[in-house]
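Novice: One structure, as structure tokens, below. Some questions next.
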């Protein structure tokens, strides 16, 4: 029983150390692995056509456009 507690504590300490030493991009990646995701859209790093922008980003050739309904922007295909 003591070994299991020690092993768990060691695992937690190592995980926290990695988070402290990691740069911002790695922290975001690790936090996404650690935290359970509530919605499938949160798993994406960019917005898809007709969906809200994710951190101001849209997938592919889509553009983040601020509209009346979406103050933070919605991803739309823009004609060249």
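Cβ atoms here come from the backbone N, Cα and C positions, even for glycine.
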Novice: Which residue among 44, 57 does Swiss-Prot mark as pyrrolidone carboxylic acid?
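Specialist: Per Swiss-Prot, pyrrolidone carboxylic acid applies to 44.
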Novice: Enter the number of other CB atoms within 10 angstroms of the CB of residue 64 (disulfide bond).
Specialist: 19
Novice: Reported as an integer number of Å, what is the Cα distance between residue 59 (disulfide bond) and residue 75 (disulfide bond)?
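Specialist: Approximately 8 Å lies between the Cα of residue 59 (disulfide bond) and that of residue 75 (disulfide bond).
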Novice: Roughly how many angstrom lie between the C-alpha atoms of residue 75 (disulfide bond) and residue 64 (disulfide bond)?
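Specialist: Cα-Cα distance, residue 75 (disulfide bond) to residue 64 (disulfide bond): 5 Å.
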Novice: Nearest by CA distance to residue 46 (disulfide bond): which of the disulfide-bonded residues is it, out of 53, 58, 64?
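Specialist: Result: the closest of the disulfide-bonded residues to residue 46 (disulfide bond) is 58.
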Novice: How many whole Å apart are the CA atoms of residue 58 (disulfide bond) and residue 64 (disulfide bond)?
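Specialist: Cα-Cα distance, residue 58 (disulfide bond) to residue 64 (disulfide bond): 6 Å.
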